[in-house]
Amino acid sequence: MQHLLVKFETRSFRVKGISFHPKRPWVMIGMHNGVVQIVDYRMCATIDRYEEHDGPVRGVDFHSTQPLFVTGGDDYKIKVWNYKFRRCLFTLTGHLDYIRTVQFHKEQPWILSASDDQTLRIWNWQSRNCMSVLTGHNHYVMSAQFHPREDLIVSASLDLTIRVWDISGLKARRNDNNSGAISQDLFGSSDVMVKFNLEGHEKGVNWASFHPTKPLIVSAADDRSIRIWKMDDTRAYEINQLRQHTNNVSSVMYFKDYIISNSEDRTIRVWDPAQNTAINTYRRDTDRFWTLAAHPESNLIAAGHDNGMMVFKLNRERPAHTFHNGLLHFVRDFTIRTYDFETGQEASAMNMRRHLIPPTTLHCNPSDNMAVAWYDGDGGMFELFTIPKAGTIADAEIKKGFYVSAVFFAAGKFAVLDKTNQIVLRTTGNDISKMLPPVHNSNKLFPGPQGFLICRNDEKVYLFQVAQRAVVAEVSAAGVKYVTWDKDFNRVALQSKHSIVVASRKLKHMHTITESSVRIKSAAFDEERDILFYATSNHLKYCNLRNGECSTIRTLDNPVYLVKARGDSLWVLTREGKIQKMVLDNAELSFKLALQQERFRDVLKIIQSKKLHGQALVGYLHKHGYPEIAMHFVSDPLVRFNLALECGAMDIAKTTAQELNQPEVWRKLADNATRFGDIQLAQLANAKTQNYHSLGLQCVVTGNIPALGHMIDKAKDDSFKLQYSLYTGDVEKRINILAAAGQLPLAFRIAASNGLNDVAESLLSQMDPDVAERCRAVPIHAARPPPPATAVADNWPMLPVQESYFTRMLKEPGMLDYAPDATETKAAWADDDDDLFGDAPEANAANDDEDIDAGAAPAQGGGEWDDDLDIDIDIPVPAQAATGTKGAAAAAGYVVPREGETLAKHWVDNSQLAVYHIAAGSFASALQLFQRQVGLVNAAPLQPYFMYIWASVNGAQPTWSPLPPHTAAATTIPQTDEMRAKHGPSIPKLLPQLLEKIKSGYAAFTEGRFPDAHRIFTTILHMVLFVVVDNKKEHSELMEVLTVSREYIMAVNMELQRKEEKEPGRALEMAAYFSHYKLQTPHIILTLSASATQAFKCGNFKTAANLARRMLDLDPPQERAERARKIIAGSEAKGSTEAIKLDYDDRNPFTLCTVSKKPMYRGTVEAIRCPFCLAPAHPNHRGERCKVCDLSNLGEQAAGMANGSSS
């Protein structure tokens, strides 16, 4: 099939009748097994099934305005259905044989039916009776159809005739009666007259159809021919015959200016009546075709065959369009039209040559108004022409060629793909410039950045650089149909039938969007945000390019094609070739973007606007760790209760629990309140569920004995009363409970031990004599009264709940005015914010002093990152206690145990962790371990941490003067119960502190406070030595902390030394080196922006452009991206020259020496490293102190750092 685009296909029993719904994307089919199905051809899903007919269903039709459809079958019945109620409303009977077709009238409440009983009938579906019986055919009536505009009916019969009936008389008749209906059944209708009787077919006629606008009829018959008839006021006559089918022609109809037919020869043919020939043929291998139907408003056609049904189009409805100089050029009705986005004005530019199909693609020359249109027909053809400017006359000269693809790749040059997959380069004069070999068997070309082509094969997409004749990048993307670039050619969307692959300029994969059940129609990048909008067959959606999340914006009534997106404004192109501007009020998208960027002030504003609802948003917030925000969108109290428990909002949990008032909810609240230390709330929750055991335990723990006694009185559980009456001291209650339970001996002992002799004697009298005698013989000891309890009314110390920034902001609205903007940078980065191109002279005047001393002392409050560990703890070390005991004890038989080892000695003897030795006070052995493990030679920076570790493990209790204080060490619990089981000191968990301090270092680096950043990361690097980890995950995190600290210290050292450098060339080299450290992506963007600006100022335009391109590859913020593009454009305009010769080659991998700050290129020298921080250096510096950690010598050998708790 060449141009029949199959959109949907089903497999089922033989389909004999088809009808499109006029508004909804539904198609109804009547099948040979008696089933009627309604199918959604967009969603590829079955909507409903109806199975009340006995036998095949041959005729089906939807009503144009009402929720009704009609069916007719071989059971002689016509049924009218309501698809909203999903049932049959009534049945019309009267035909005496199979019913072939049924149809609703568009204006009148009529149904037309054709039957094998040789009659046509017109029914009134409102009064449910037959209005007219049309007789005259003397064989089966195979089809009947109302004229779309006039009061005519056409019918086709196996009696070789076609009849045209005039039904204008029916409109004059207003009243129906039973006698009239009888006379019509017997003698035919007097209100319907035969206007024309058309003869000419040699065999039975299967189908006849009116032309929608012209006085024409087309018919199909078993003589394998299609005949066209013309009508006027007095006669109808044959004007043409179409013969190419090789078997019975089953159905035929007009579609625009074409004729479509299907046949039992297993083909569908599209005919051009003007040329008297079939212009397209679609063939199935085994299935015969039986029926055809066309959508009343769109270009869809459906055909039924032996094994199901297919929905197809003759050609694509996507209007060809392209951008040029800020204007949109698009094709509508073979006319190129131009749309200006700024003014919203649309104008006609020129008329194109008419073809069988419209152009598939349109592309403009970057330098002028030359354009190339490509047609996907007859193997492919392009037309080259000039789009005239406004007020000028179109150039009639059109050049063409026959190739597979045609796109411009440079000024005055375009590329085409021939049938052997060779790339042919042509000029605007349509002359061949070069022939390039196939690119990985590519079968389609798409536009790319200037000088590049996008080549596609079945599995991958390639970025082909024409000048170098080489593929520079590739990405896996199967079946790509359309390619969409963003405004600056930095990102590309590769669109296939059900997916979109988003990639960078160098085709580095970023995201894959998949829509498995619907087709993706188009996509457009937002020019202001990291958002990709895309449209499917029935929805408008978006993808957040920062995290790959997709969501639906709205439902679409009809497919549209996105052409431009700017903020909340979208411009779309409809299938009719009309531009529509859509303004979105997408609060959900704004909310998610603000939440992702932690702009909580904007989040709060959106919440207060109350524009967001729905459980899906609650799930999104809960998934991303914002339960406190999710609570503001929850209407279900149970969900709100669970979210409140999760984020520790016990007051909200209490309120929702009171609203729900369910036992399970109260039990859950009691458990969580106990865990958080809110004992009063836990008691309330336990009281609500009458959980006396938990409530009793809480009363005992808090000493609330009166409340416990009150519970004992109310409880019905004797075991509870017996157990907790021990705490209240209620002896008589215990005696009564035991006596009632038949435990008289136990009751006697309780009474006797508590001095209740009369009660004890009474109990003895109730026992058997033998039992009473044995009870008397047992000695009785007086019971001790329960100790007095002091009731505690206050809550326990509450478990601290880590509040998010948003929660604190809600509690303190004034914080909104002082919340820092994370995207702001400080003055130290100001040297890359100068206006390089003279756009803001005032700004330039203000920033003349570009060498701002970022290393100066920070402003007030700048010392907030000082870690609490940097303190000088002066705690006296206790004197060694006297050990040993001389002599034996005075008591006979008592042996004095031998003295065991101290905790400090145990830690020193059993561990290779230096931090354990520090906790034991053995600093000398700890230094020896550090020397063996990390090559420590300078211990001075570690002195504060030694004292901190010792002080955090060892506590001191003052004694009477002049005795020394008593010291005790905090230890961990041994793994076993053995006497000499290994254990260690309880070292503080430093890893979480380091992770928090890294954030402070990041903030200082972002704000340009490089001395502060150096101090913070150096502190982190030194503290790594004192961290104890328990598992592989923590060890990996610790190694990551060490790596991050090392890289940032090296980067800061480079920048601080650059600011002191007087020689411009060396300073520029160091600025370029500054961008090669392994930093966080936002920080790399800052370094690239600063170094590119410095290079541009120094006149090294090639280096500046390369640095700016590296920055664009990292997807920087809009402001810095715009700056990078300006640098690239300015550098290219000035010839990409180099004013200063640099020792810098970014194409050759290198490692920077931490001492000389010079590169060591791969393959030239092997770098030595610090045994602790692994900082690299040139071998000439072996034995020198490491400039990063200042602890070890470069190039020394060491065993490696030990941090595991099992070491």
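Count begins at 1; order follows the chain as displayed.
Cβ coordinates are placed from backbone N, Cα and C, and glycine is handled just like the others.
Since this is a predicted model, take the numbers as computed values, not measurements.
Quick look at what TrEMBL annotates:
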- 50-91: repeat 'WD' (REPEAT)
- 92-133: repeat 'WD' (REPEAT)
- 134-175: repeat 'WD' (REPEAT)
- 198-239: repeat 'WD' (REPEAT)
- 242-281: repeat 'WD' (REPEAT)
- 336-573: domain 'COPA/B second beta-propeller' (DOMAIN)
- 602-753: domain 'COPA/B TPR' (DOMAIN)
- 821-1202: domain 'Coatomer alpha subunit C-terminal' (DOMAIN)
- 832-867: region 'Disordered' (REGION)
Intrachain residues whose Cβ lies under 8 Å of the repeat 'WD' (134-175), provided they are six or more past its termini: 97-98, 100-101, 103, 105-106, 108, 110, 112-116, 118-122, 188-199, 201-210, 212-213, 217, 219, 221-222, 229, 231, 236
Three-state composition of the repeat 'WD' (134-175), taking helix and strand from DSSP: 5 helix, 19 strand, 18 coil
Tertiary contacts of the repeat 'WD' (198-239), as residues 6+ beyond its ends and Cβ separation under 8 Å: 139-140, 142-143, 145, 147-149, 152, 154-164, 245-254, 259, 261, 263, 271, 273
Long-range environment of the repeat 'WD' (50-91) - Cβ separation under 8 angstroms, sequence gap at least 6: 14, 16-22, 26, 28-38, 97-104, 106, 111, 113-115, 123, 125, 128, 296
Secondary structure content of the repeat 'WD' (242-281), with strand meaning DSSP E or B: 0 helix, 25 strand, 15 coil
